[in-house]
Each structure stands twice: as C-alpha cells, then as structure tokens.
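Novice: According to TrEMBL, the protein carries these features:
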type	residues	note
COMPBIAS	349-360	compositional bias 'Basic and acidic residues'
COMPBIAS	391-408	compositional bias 'Basic and acidic residues'
COMPBIAS	426-439	compositional bias 'Polar residues'
REGION	340-475	region 'Disordered'
REPEAT	563-605	repeat 'ARM'
REPEAT	614-658	repeat 'ARM'
REPEAT	781-823	repeat 'ARM'
REPEAT	906-948	repeat 'ARM'
REPEAT	988-1021	repeat 'ARM'
C-alpha cells in the first residue's frame, strides 16, 4: 500500500498529509482491491491478523455506536473492543467521529460493519494515514527490511530483525511485511497495465508545444505570455532535459512560464502529462520535484486552467491561423468544437447555420489591397479588447428580449467612465441605427456560438428574429417609463440609484417590452457597471433585475459579451450572503449556453459555486443565519446544474469536491433544494466517475427515497439519475435492496407527463438487466403496463419501453405474457420506424420473443421476418448486428425456415455481402445467421454461389472470441455442400482454426471442434491440421464434460488417424 498509494493513486495535491483521493476509475479500482485484501485478511492469515500495530490507524468515520454489536463495550457514543493489547489499549476505539484501529482483525470487522459505506471508510483511512505500512510495523522495522535485497529469504530477514532487537514476534511481522509488499506490487502491476495503454507525452511533443508557446511571448496585442524558458539548456540523447535520476520517473523537462495575469508557474513535463512542481528554477536544485497540482494532458490545458487571460486569448482566431495557416477556417471551428467534448452532436439546423455562416465569411470584402486579412476572434471584439465598448453593442445581433443597464454609477466611476457610457448610449439609444448595424455586421464578428452551441439547448439558444412594433405609437406606456428610469440611473447619486432600482423592480421585468426598454436606452451597461461598485444595496438591486431579465436568450448572451458574467462570478466570494445567493441565481440563468459555461469555469466560478454548497441542510431547527446558508447552497446548486451540461465543468465540479457536498444536500427534506441537487447529479451521471461516486457515497438510497415524492420534477430527475447509474450491477442491486423498483412501476401511471415517463421507463429498462429485478417487476405487474405503452408514445419513451421488454423476454414465462397482452403485433409494427436506437431495441425484443414457437408463428404471420431482414440494409452497424441476431431465433423456430428464407428476394446475397463489414459485432451476428441458414441444403447452395466460402475463410485470422465462435460454427455448417470442404482448405482456413483451440472460451472450443471435424473429412485438410498440431489439444478435449465437444474432437482425431493408417498401408503394400 506504499508505492501504489504514492505512485498509482491520484491525489488532489502532492503535499503530504493534506491530499485527498480523487474519485477517478483508477482510484476506485485501488480502493476496491485494498478493501478485498482487508476483508479476506483475517480468514487467510489469522496469525498475522492478530499482530498489534505499532501506531493505530485513525480517521474520521461515518460509523456510530449503534452500528457495533457484540464483542464491543458501548458507552453512550463511545465504543471499545473487548480485545486489548499488552498495555491495555483496546484494539478498536471509537470516539466520534474518530476511530482508532490497532490490528487487521479489527480492521476487517470494521469494514464488514460499514456495509455499503465500505469504500468510503477505506478512502478516509488512506487519506489520513498516507503511509499505513509504517504505522502498522514501525518506521525502524520498515527501513531495516527495505534495505534488504528483494531475493533475501524469510529466515535471513528474521535474523536481521532479531539482530536489531526490534520488538516481539519478528517472524509474524516479517511475514506481514512481505504480505503487504506483495499486495503492493500486485496493485502496481495491475495499474501499470492500464496506464501503459494510455497515450503519453514524449520529448518531441513537449518541444513542439514549447516552441509554439514561445511565439506567444511577443510584445503587443498578440502577447498572451511574458516568458517561457527551460530550467536546463542541456539535452540528453533521448531528447530529455531532466536529470537522469528524475528520468526514471518519466520526467522529460522543467519549465518556468510567466503568464500575463498570474504568478510565475513552475512546471514539470512528464510522460504521463504536465503538472506544477514545488518551484524548480534551475537545474542544480535538488528539491521541489513534488507534484503540487492536478495532472494535465498538455501545457495549453494547464495554462488555460491557471491563467484566465491565456485561456481567453489563446482561442483568438489569429493564433489558430499561426499554427495552420492553410486551414484557418477549419482550425477555428475545431478549436471551438473540441473545447467541451462531452456535448452531444449539433443538430442539422445548427450545421446548416454554420454553412451559411461560412458562406457569408467568404463573400465579405477584404480590406486593403485585396489581401486576405484575418479578423480577431469575435468574443474579443465583443468584450471591447479590440475596439471601443460601444462596438460590442453595435455588432451584436439584436434580440427579442431587451438589455438593461447603461450608466447609473457615472459619478462613482468618474469622468472617464462617463465618457465611455456616453459613447455606448450614442449607439444604443437609436433603435433604427442599431438595426441597420445588425444587417451590416461583418462576418468576422459574427457570434462564435454558431459553432459552439450545445445541442441539448439548441432550440432555446437559437437566435430569434427581432420583433419590434412597426411604429413607436404601438409601444406601451411601460416602455417609456422604464426609459426615463434608466436615464435617472445614469445621472443620479447613490440614493437616487437605489430608489430608481426599486422603482424598476415594480415593473414586470419578465415582459419583453420592459426588457426592450432597458436595452434600447443602454441600461444593461449601467446594471453591469453597478456590480463593480462597493455599495451592497446597488449590487443587490442590479442583480435582482439581471436575474429576472437574464431568462431571455438574447439578454444573457449580451451579458456575457459585455463581460458582465465575470463581475457576477466575482460576487460569489462576497461575505454578504444575499449577494452570493442572487449572483448564483443569475449565473444559473446566464450559463445556459456553451460560451457562458466556459466563462464561468475559466474565471474560477465552479470552485466558488461548489464552496457555496457547504452547509448543514437537514437540521430540524435552523437559526436565521443557517437558513441563509441553506438558501445560498440551493442557489449554488441551481448554478451548478446549469454549468454541469459541459463535460469539462463536470470534471471541475468533481475536482473541487462537489460530489460529497451534493450527497449531503441530497438528504435535505426540502424539495426546492432537492430538485437542483438531483438535477445536477443526473446531468453528471453520464460520467463514469460520478456513477462510481453516487454509489460510493450511498446516494442511491436517497434517490430511491425521493422517487416517492409528490413532486413530478423531483421524481423525474431521480429516475433519470437511476437510469444512468443502473448500467452497473451493484447499483441495480442497491435499487432493489432499498425497495426502489415498485415506485418506478408506479410512475408509469403518470403517462401524461412524457419527460417523467421517459425517465421512469429508462430506469426500469436498465434495472431489468438483472434477472432478480425482473422477477420483482413481475410481482408489480410491470410487463402489462409496459406493453400498453407501446403505442401513442414519443420515441424517447418507446426506446426505453422496448428495451425493458427485451430484457423481460429473456425469461420464458414472460414471452407468453407479452403475446397474451398483444405485444407481439405492437413490436412488429415498430420495425418500420427510422429511429436507430429504437430499431436496435425492437429487433432485440423481437428476437427474444421469437424463441417461443407460438410467438414465432405470429411474427411470421405479420411478415415480421421480412421487416427484420430489411433492416440489414440500415446504414447503422448497431441496427445491422441487432437485426442479424434477431434473425437467428426466427430462422430456427420458423415452421418452414428454408422456404421462408428463399422467399426473400435478394436476402441471401445481402447477408453474404455483409461479411465484408469492418465491424466485429456485425460479422459475428452475420456468421451466426449463416450457420442457421446453412442448415437448409438449397439455401446453402445459394450461399455458396454468392461466394460465402472465401469470405468466411478470410475472417479466420480474427482474434475476437465471440466472432471466432460463430465463424467456426458457420464454417462447420457450410462444409456440408459440394466441394466446400476442399475450398476452405485451399483458402487457408484450416491452420487459423487450429489456433482457436488455444482460446480460453469453451464455446469457441466446441464450435471449432465441430468445424474441424467437418473439414477433416477432406484428406488435404487432415494433413494441414496434423502439421499445426491439432491432435494434442483435441485429445485433451476428448476428456471434456461437454458431450458435443467430446464427439467432435474424437471424430476429428479419428479422421486424422484413418488418413495416417491409409497412408501407412499404401506404403507397405504398394
């Protein structure tokens, strides 16, 4: 547990004693392995388990006195074990919240008591005991043994320990040390296998990236870094600059980088990634090599996380052009698109919009001399970095919502700010001029969201056309009244500003007319400027207005363009709780499109929002101050919910420690708190690390509990979270354990709420992957309800319903129930759809039902086989493979399968052509179908005419065991016609099949033995088999418990032997 914790485990910081284990798949793997080791230790090594630790392991536990039963003395909240050491200290002592453990036997008992919080206890123990081996055995004992050679025998180690007189029972302690060391080595080797498969950096890649970054250190507007330099000028032959004794740790070089807006960064570049070190300034230094930050994949990613200036400016179009000048347009699109990889693909409408955008760029007249002049990134112009602030307003396409603020705190900001506001007012005060500017906006300054929208919100974020009254006479009185108030904001003092803000709040700011009034007179600038003042009342008034009007799509875009979101993020650190709550609510509204979410992350907003979650929400009696804390936490959860639609933000929330805080808030009794918390969790549950954490921190129990809430929205989010998490078997078992299956079935009665229905059916589908859950669902009559939902439902519901029925149909009794409820006809009708996810599930369900003869008769009668066969033409590989798998039981159970297959015009040619696919799943399913088709002689003859033999032979060098199994089966059945056996031998199929016998899959052994038996009926094939050593493994398989495998192996050996005897007789008697 020493090296694996220091080298393989991933910690939030490298500082000894202060780091926390990150919730990554690698760490969870390590925790599970260590937990398994501890659980089994007492039974496997009873003598070593009784050894008393030199120093107790201690940590903050979640266990309480009531969790302990016999063998313990319980006094109020304190617990002591009956077992004590020689000095009278109990081997286990609980003084809440700290527990002290002095032996492996007690440690094993404790993790058993922890039940579903075992991993959480192991994690807490390792975090607070960073070197557990030293505590268990003592520092002097460990240092003595670590100096010895790895091949030293146990007796020599015991003698060495006795020489130094290091305590009692040296033999037991030496064995314990070796057990821990062996377990540590096993953990490291398993981790290294996974790490070896990951992409790593090399000196060339680091050098290229450094050279590129040095180009950005120039003076002027293009400057994004002050300095980039190596700590050493000496380069080794392998391209590394780090000392040899550090190269063994995979370190390549060390850099000193000075950003424009933060302190100097000292960076280590290693094969595993880049990270901040303790401050290596030059090569002579012997310290400072420890990691003090997270690991990043490259230098640009690290700098983006540390320097907002760099993050904002590195995406400027000029830099994309510098790197690849010949592909400027494409490179710019890629930079934006890959920024948040977790977003779903953009809709067709968005792609079409991007095409029109590019066409407009190509027709924009070039400046001076006709040369192609690259325009800076639009967001720079919009933020006023390349032009006066008024231009951001001028270039921004007008929206249907209305902006708000322009000049209220002029007196506080001085004459410079006043002149700036006047310039803005001169543009935004004239609607006609603003409208014309929109039409003439150059392509270079078009909003970058055309490329970077999140498709999950594409409908909401589509730019809407300006809807204006045809004349000023159509405007209501509120429009003019608000314009007057905004003018007071620009010219009034502090008191007048507060009063004006209060007056503006009296209007219905959710109404579009009021928003237009604020925007048209330049009020939005004023409201944003107010956020930078020191007056709390002015900030509160401004945020209240911004919070309401930011519900509008165009308003929130304009807030981001004008840099207002940065000011709002800063307020999240305010000591005034009302301000923090309002700021978080405003972030929740604004961060509904991609660029806003990126801005929140780059300016440290995620960490600040996670910090807001730290409260105690489930106390019975809260003080007024605690109630405010809970409200701030609720607002923080709302903001995180909006931000969590980005994959990078999900990762940022996890690294900031948001998961345990969300888990604590999940126990709140208040629905208005639970909805954003569960909403955030279900959004993040698309990531594996979150699914593991939700299970680890015991959140499944709370999610199940809230399924019985009276609030439909809360039920929907809980069901959706279970839907995403139930991919894991342990989660499915926990849902059943906490009685969550019946509430899910009850939700099916709310068929009018389609979102809730989709979430509930999705959760039922994933939970039904476990057959134990299906048995429970049968008790609750879920199948009958699901069949009724097969018609008149949206596709997102149908996908889940059919998926669940496909799992239900794996139980024989349910096949008849689906037929009795009329489900077969509904399923066959769905085969004519176009939704690929739905088609995959429908074909699976039809295939499962077709294993019943009565069901197959109905499917055949409804022409279902033809419909399934036609899906082999679908362009989706998933649909093709699912359809082919479904055909196997259909062909097997049809009354006249041969005639049915022949009646499908072009069907056999289609299935043979699919053997040219590059998808292993398609190939395996097609081979399985061919094996069923080839049982009919006439169909086999047609398959042979279409060239099935060479295509099957060509696939024999594949290494996928599932494909091998069905391929061998197909070859075995195709041998039954004409000269196909000889043709397979000529095509070189025999030798690869012999290698299949080395597979660890017993199903591969059976199908391969059967194929070899058929091929061995040809003399040339027997010779080829014998040369490849087929006899020895076949003799071994002749002793198998599988009779089919026995017979096939024996038959093949017999044929080989008969040929050998015939050859021998021919030599003797010629």
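The backbone N, Cα and C atoms fix where each Cβ goes, glycine too.
A TrEMBL annotation is a machine prediction, not a hand-curated record.
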Novice: Mind tallying the repeat 'ARM' (906-948) by DSSP state, helix then strand then coil?
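Specialist: For the repeat 'ARM' (906-948), the helix, strand and coil counts are 34 helix, 0 strand, 9 coil.
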Novice: Over the span of the repeat 'ARM' (614-658), count residues by DSSP class, listing helix, strand and coil in order.
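Specialist: Helix, strand, coil within the repeat 'ARM' (614-658): 30 helix, 0 strand, 15 coil.
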Novice: What is the three-state DSSP composition of the repeat 'ARM' (781-823), stated as helix, strand and coil residue counts?
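Specialist: Its residues divide into 31 helix, 0 strand, 12 coil.
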Novice: Quick check on the repeat 'ARM' (563-605): DSSP residue counts for helix, strand, coil, in that order please.
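Specialist: Within the repeat 'ARM' (563-605) the tally stands at 32 helix, 0 strand, 11 coil.
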Novice: In the repeat 'ARM' (988-1021), how many residues does DSSP call helix, how many strand, and how many coil?
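Specialist: Going through the repeat 'ARM' (988-1021) residue by residue, I get 24 helix, 0 strand, 10 coil.
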